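The transmembrane segment feature in TrEMBL is assigned to 6-23, 35-52, 58-77, 93-111, 117-137, 157-175. The domain 'NADH-Ubiquinone oxidoreductase (complex I) chain 5 N-terminal' annotation in TrEMBL covers 63-93.
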Amino acid sequence: MPQTLLAALPYAIALAWLLPALWPGRALPRHWQAAEIAALAGGLLLLPLIFLPTPAPWFAAAWLMQALIQLLGWMVLRYSRRYMQGEPGQARFLRAIGCLLAAVTLVVQASHLLLMALAWIACSLALQTLLTFYPGLPAARLAARREWRASRLAECLLLGALLLWALAGGSLSLLPGSPQALADGAQGRCCTNPPPAAAW
């Protein structure tokens, strides 16, 4: 598979999560069905990518984690669909879970540190919505307050680290610097087999 398609795949998966979540209308059974299909299809299609050449060594592990996330999301949706029958807040739950899983998809597969940080913040906001889905429960309010404090602290530290890294001249890209390495999909081969001139 061309590396450009591999690079675009996480964004396509995130969009697949957002479409059922933001799909207008009141046909909730179709929303649930679309979300479940997107999750199951995404998980099954991602598993073969583990064995393909990747732009960086850690991409194979990221693809495996991504497939597990999609399949876990499918199981959560299957359970939630039965549990929330007749619940008036189903549309709000679908928006929150869709945004959460789309953001997690970008965190796992982001090739740029700034995008990863923004997706991390989006994860926190979506999780906050899910924790306060039943705001009348004292345990839910307590968990939401603790999550809010911990998440804001983590986000401040993350953005501060990114700022210091950028000021120090570090690249925010997580991809190999060599275009040939990106095209070949194997940075290690470029490093272990240097050109004859480099041997001198």
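Cβ atoms here come from the backbone N, Cα and C positions, even for glycine.
Within the same chain, residues 1, 6, 9, 13, 16-17, 19-21, 60, 63-64, 66-71, 73-74, 77-78, 81, 94, 97-98, 101, 185 sit at least 6 positions outside the transmembrane segment (35-52) and bring their C-beta atoms closer than 8 Å to a C-beta of that stretch. Model confidence over the domain 'NADH-Ubiquinone oxidoreductase (complex I) chain 5 N-terminal' (63-93) stands at 84, taken as the mean pLDDT rounded to a whole number.
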